[in-house]
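In what follows, a single structure is set out as structure tokens and then discussed.
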Amino acid sequence: MNKISTFTGSDWYTVRVDLTVMDVNDNAPEWTMVPYPYLSVVSANAPPNTLVYKLQAKDGDEGINGEVEYFLSDGGDGRFEVDRKNGHLRTTGLPLQRDREYLLTVVAADRQGSRSPPAIVSIIAGPRAPQFTNVSYTISIPENTPEGQPFLVTPAVSFQKQPVTYSLLINPSSLFSIQPETGEISLTRTIDYESDQHHYLLLVRASENQDSLSSAAEVRVIITDENDCVPEFQQSIYSKDGVPETVTTATSLLQVSASDCDSEQNAEITYYTLSPDFIISAHGTIFPAVPLDYERPNHLYEFVVMAVDKGEVPRTGTATVRLRMANVNDEPPEFSQPVYRTFVSEDAGPNTLVATVLAKDPDGDGITYKITAGNQEGNFVIDSQKGLIRLRSSPSPRLQGLKYILNVTATDDNASGGPQSLSAIVQVIVGVDDVNNNKPVFEKCAEYKDKASVLENKPEGTFVLQVHAVDADEGANGKVTYGFMHKDSTVPAFSIDPETGVIITAVTFDRERQREYAVTVTATDQAADPLIGICQLNIFILDENDNSPKFENLRYEYFLREDTMIGTSFLRVAAHDDDYSTNAAITYSMSEEQPEYLRVNPLTGWIYVNQAISQRTYISRQIIATDGGNRSSSVELAVTITNVKNQPPQWEKDKYEVVIPENIVRDTPVVTIKATSPLGDPRVTYNLEDGLVPESNMPVRFYLTPNREDGSASILVAEPLDYETTRNFMLRVRAQNVAPVPLAAFTTVHINITDVNDNVPFFTSSIYEASVTEGAEIGTLLLQVSANDLDLGLNGKISYSLLNDRSGDYQYFRIDPELGTIYTEAVFDRETKGSYLLEVKSVDGWESGRPGKHGQPNSDTAYVRIFISDVNDNKPVFAQSVYEVDVDEDADVGSTILTVSANDEDEGANAKLRYQITSGNVGGVFDMEPEVGTIFIAQPLDYEQNKLYKLHVLASDGKWEDYATVIVTIVNKNDEAPVFSVNEYYGSVTEEMDGSPVFVLKVTASDPDKDADQEALRYSLHGQGAESEFIIDEVTGKIYAQRTLDREARAVWRFVVLATDEGGEGLTGFTDVIINVWDINDNAPIFACAPDSCHGDVPENSPPGTSVMEMTATDLDDAAVGQNAVLAYRIVGNAALNGANSGADVFNINPATGTVSVAMSGLDREQTDSYVLVVEARDGGGMIGTATATIHVTDVNDHVPRFLDRMCSIRIPESSEPNTPIIELAAEDADAGENGQLTFSVVAGDPEQKFYMVSHRQEQRATLRLKKHLDYERPGEQHFNLTIKVEDMQYSSLLRCTLEVEDCNDHVPVFIPHFIQLPALREDVASGTSVASVAASDLDSGLNREITYSIASESDPYHLFSVDQSGLVTVASELDREKVAHHHLVILATDHGTPPLTGTATIQMALLDVNDNGPEFEAAYAPIVWENVLGPQVVQLNQSSTLLKAMDRDSEENGSPFSFSVPLEYRYSNDFHLQDNGNDTATITALRAFDRERQKEFLLPVIMTDSGNPPKTVTNTLTITIGDENDHAHIAGQKKVFINCHRGRMPTNVLGKVYSPDPDDWDNKTYAFEGRVPNYFILNKRTGFLIIKENAPPGSYDFQVRVSDGVWPDAISSVKVNVRELRDDAIYNSASLRLADISAIEFMEGRGNLKSRYELLGDFLSDMLSVGADDVNVFSLVEVRHRTLDVRFSIHSAPFLRAERIHGYLAAHKQKLQSFLQVNVTQVHVDECVDADCRGGGGCTSHLSVTDKPAVVDSGSMALVSVTVEATAVCSCSAREHLHQSCSVYPRTPCHNGGVCVDTQSGYRCQCPAQFEGPECQQTKHSFHGNGYAWFPPLRPCFESHLSLEFITEVADGLLLYSGPLSQLQQWEPEDFMAIELIDGTPTLKINHGSGTLVLQLPGNVNVADRRWHRLDVRSNSKEVRFTLDRCAGATIMEMEGVGSWLTTEDHTSCEVTGITPNMDKHLNVTQVLQLGGVNENLPYIYPQLQHKHFTGCIRNLIVDSKVRKCMHLNTERDKSLTR
């Protein structure tokens, strides 16, 4: 694994790198013949060419590096020769001398000249003794090896082929035997490691021909220990009495000891204890682990200690430890609870029991109680003996606050004896239950009413007011939360913080819609029965100047006679401002144009003539209305000047006035108006002028209809009127005559609206809540209800009443009819009834104007729920006054004995009860659960101490109490164990004593239970040896020894004797028994080092007297008894292992100490290196033990080290890093130990210390490493002649090494100069023009200094320039100053080194402008002309101007001034007219009225010309939109919505607009759910957008929506929503298409009566893949760029079809798909790598990214909520750079075919089922039978790619692999493909990178149809392709023998072909499936590239760029391998 850092170095990543290690000849041949030494025989009369010996050597290298040849280098006198190829030694035919030994030196060498060490082969011309297979043998056997079982065979070979007989020449103690025929060695008896020797040396002889020929071999037998002894403690029981309980953890309590008769680690013992109270040291010392306690059962600690040895299978011994404690007053009293919690009511009376505390002293002392803190007011008193805490009796207690914390102290009387009395403190927390008798009160409610206001337009969350209510109660009863009362289903306008009372806005207000809001604020306390306080507010909305003045009319027009007098007022304009006060004060002005014909009165708005108008025919001015806040609006005034003779129509009245009620119905005529024309044609047309404010009919409330009968017109009601919204209207009506020049006149209709009682007095809340405490007096105020009526006067006057109800609740309350305040009329009892429900009614003061009311006033109702709050007025009552229960005295502490209960008729906190024991609890043996009344055992019971308890228990609700009695009877049990007369018994017995059983001692016990039968005691013996070595009489207690004992095996026996009462069935007591065994002399001395550890060392030449070793023996007998263990030593045997010296007088021994020393001089290691001594030890009783000692003579330094090589030659690159290893050197030195440890160093040839040596001294080798960087360019660093020295501690040798340095690319090319400033260049300069010339140089040599020039792409992103390899920079394509005005080119010079280095130079130039850009519109104009408006009218181009303006991107001289015109065919259009104003602007006029439903927009070409030289003329198109008017009805629609939620996660999201077809598309509709409101959806009532709520569950939802536009009848549309969960499997198995020239909406929308393409694609996939329509899921539409759409979909089919399979079928049927969808499919399988520029990467991979944010495509009747899935190109070789991370990182398991993902330190690994052998559990082997194929995912090779596969076949023709098109290509589509075929048995590769096919075929003599496995490799590096068979293992090798080496070359022409792909394309780009073993011929494609289309055989290990490919679709008849 490599570790890679980012550029910043902050993050690290690991990546797996697979390296293929190429073989080099780094292994020399090694001899493999056995046995050694190499011996053979030959007959003296042997003929020539007789085989004498077979040489064998092995070379670890591969290929020719591993081919071995054999040579005879010396010996044999020419009588033998060796075959170089097979190594056979044969006779040459020269005569052989009988019985002579010939020593032949042979060498093995590989083809590269590496040689093996020379070997000696001994050949005797005659017979020779047998040869053992080993020179010596060593074997280890366990001590428990059975006798007679062979453990070793020592075979020998007879050169004469005669039988061999085996015997033992050395056989210590005759312990071993050997089978004469087979050489099998076995034991003659069993061995004990603890008593026998550990090492034995045998000498085995092999003989033939009656011992005439024989040889011998050493056998070393090592005995190993077995863990066959169990650790034994010296005592089975350890005990100690009187341990004070105050002992510290550092105090040693007891020492235990155990022994093990095994050896070494089998005898090493570790101690453990199972008790958590104690620890034991490594030496067996026991310490307390925690403080000890006397107060425990029997005042005794008893636990087990273990001794565990360290054997491979450990053994364990155990012993028991008993510690009896001594009491000390060391523990304070202990309370029964850590904290006591209780409660009492605030109104509880004197002597009320509050709590009972109970403490017990572990030391058994008496206890007194006292309150020591928390009782400052003296409200509480405590009984010092019983612990009862009560309220004081006098004066009466006064409880305040929420709780009291009392500290109660319990003090012992120190009766147990101690330094002082001890005490403990406990907290008693007494909660004071507050009585909720105070309601929250808003003390400043009146003040809040004056402050309650907020400025309009403030955002949600704006602070309004903070209210505060107070509650005099305590705790939760006094804690207040705030809220609002409001009507159901209304959206609150304000919100209130429940904790702080801060009121903030919940919406943004518009004062002009509503000026004040009635709010009811509630304050509720937190009691179980809460009380509520109310404050009613009116919050006023303050005005902000956010409305501009609005003129009553959209446009003012008037006709004036030309003779109108100056000063004549002819028209009054009026504007309204919805703001308030000064913000609504309006002044009028007129646009200032000269001459000033007209003026306007700034206050009244009257327009009058200011100058004579007779010379004008038309005057147009802007009238401006400005409010007090400088907001303004304007309207056009158009005055037509008429001839005196021209007379406009005449109105019958200048103005009309009418009064109508607000409830007048639609289409009712209001007034009839009439005008006449004095001209010849009397016809007049009427038009109701458009208004801009409600008072001038905006929105439309009235419409005009002409009356043809009399030429008049009627104004009728269009929409319902509302007096409260608009009280009067002023309508302006136009009458126009019919004439060539029509004239018009105007009149005004004033309509006043009268109020009708049409508003209901609605309550502010639909449900009110209040509460009152039970027992409250009559007349208590509960709350005030409130209603609002928008009408005025009597219509809005409200009165309140209570409605009668069936329950009769109303009769207990009354209401103030004017104020709405409700009062009580009775005193309530909650226990009788807990709540009341009232219905209140509001009525206004006049008969209703609403339909169906029949003269009755308007009214509303609301409910008032009144809760009765509980008061603690009932006491608890026990279910029984007396309880009785029996309890066994051995019942467990904590056991429940009884649960008592009481009942309280109150509720909530008033019914919360606490229980406690008040008296009778002697010794505190019982305790009680205070909340549930459960009595349980707190201390152990003892019948002998107390037989009956009478407990008094209390139940209290904090104010009232009740008592009961509980009688507990204790049932007696056998609970006293027998007691022995003493704690320990001692006895003794002599070892080896006969005549068992032997009486040892007697134990005695008694039973302390009353009236116990003492004869019923039964004794038993326990411990190691019980019932075996010792027994006990169970009745008398006598102990006997029943076996002969061995003191050395065990000197002390320890037992536990148990005495059990009731005949052995009752309780048990115990005692310890210790029995000592006395010694006799029955053991011989034993040497501690025997049998294998008696070794000594002595340097050669040591003088006499030198101490060598200690031979010490031990005697297991008792050293304290006589002479049994007193020892004397002597040497009884002396032998040399080799050499002539017998060793008889070489060493001597001290008889008393056993010290061995040198007895004579002349020790010589070269003659004798070892001696064996037999030493005897004799004890005082005459018993003897012996041991064998081996003494080694150590070496001195007397050999010179030598290098194994005589010379060395090395090559090293100059780029090598310091510490790089250069060469490994080895030497030899015959010395041993330190004398043979060698040190290497560089001593000459390295003056600058560039190198150093790393010595491996013990291995006698070293590594030469680089110390400093090399620089080939520096003189003297091209080569080095090094002298290397090797030395031991005394001697040294030298070696000469020649080192050649190879040049590396370490210099960057350099430009001179590196910055060039060029003069400005015309932007229209021709391509190919030379710009500049650059040159760079490089200091390296060879390829490293060759340079290639290029331009950095980031400095020339549009590729406008190019540079050739001479450094000439030229213009490559057209320049554009408007796109890039200044160029800063970075020229790159890159050398050809590896890796290449790059230098840069910068060229800077500016461009000169030419007039190559025409004028453009100054802004993105989007003018709107409203339909149905008569022309002519000037078109408003944007919000601020009617002028069309232009701009030019060229420089100023090529820009303004501009001219404007339209094409000739538009100049006389009836639609629009363009007027060039001559000042760089133009005006467009609409000439007629338009209908949007006929044409929504007009495209007007505008011709614009600039002033450049020459001028530039362009045509820009202006899009004029026709604005919509609601002149068509809408109808009901149906909408389908398909939602895909990723992993079930769906955020709240807009789904689109409810579908209601309407030719009008700009009208304002309102939307509302019809019928059932769906749970998971929200509807925007204004926009109609449907919103789905977060995490709506999958499923289908149907609902209806009512659509209204206020003009036409309502329509009810239906909506069907399908929510579908989209799993990761669906995404990662999804297929994709890229469609051209289509948007997502066009893909979804229907086309007339045709289905949408969304539906068509589902039909196509369902039919093509034979799956159900529901199994096709199109879940993602992404517009990757303009009108380019990516469609992604999945096919569910157990569980999902693989994407590659879908892509394969779609690619094959692409033409059919395009025809079916009527759309252009540009890609099947979206692949961003097609257009990605990854030249700087190793390859390209398309990566999917998924976001949970959904994308909505709404086409009206259908909508798709799609998951956003985008494909991006990643420039990397994904296969080689694939990094194994942990399993959890991957959204789906990376293991295929059921493999299990497992985390390791280097990332995930896959555990695969059988037959799936790939690293990710891919199936790596597939068989084909001539009619099948396998589909794999598409090839995505790296740029330097490598594909390999292996196959086996016997058929000469076939298709191994095909990756390419699956359908007929178009001319413009590239034909990338690759195919591997077998043609007449010869592999053939066809490959096309998109611009031509390359065919590579191996030579014709290659035939791979031979039923053998073959491998094919395809390597591609850009355009170069290499096709290799079997890794060229069969390449022909040419060899030449040189001096001391062999020179070889390889010919690859028979196994490898290479070629270059044609033309320019460099890489293989395929997106379709890879087909293996054949192609799918069911597709409509004939595969014209292929000669064969199927394969018969087996294919395995398809690997692309180191990644095993996974099969995703296999289509074969059978799946069997061709080979077995």
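In case you wondered, yes, glycine gets a Cβ from its N, Cα and C as well.
Curation plays no part in TrEMBL annotations; they are all automatic predictions.
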Bond partner of Cys1808 - disulfide, per TrEMBL - picked from Cys1797, Cys1817: Cys1817
Recorded stretch, among 34-132, 336-442, 1321-1417, maximising Cβ pairs under 8 Å relative to the domain 'Cadherin' (879-980): 336-442
Stretch-averaged pLDDT - the domain 'Cadherin' (1417-1538): 91
Disulfide-bonded residues compared (Cys1808, Cys1817) - highest count of Cβ atoms within 10 Å: Cys1817
Secondary structure content, the domain 'Cadherin' (446-551) (per DSSP, counts of residues): 10 helix, 44 strand, 52 coil
Counts of helix, strand and coil residues, the domain 'EGF-like' (1779-1818), according to DSSP: 3 helix, 10 strand, 27 coil
For the domain 'Cadherin' (552-651), residues assigned helix / strand / coil by DSSP: 4 helix, 47 strand, 49 coil
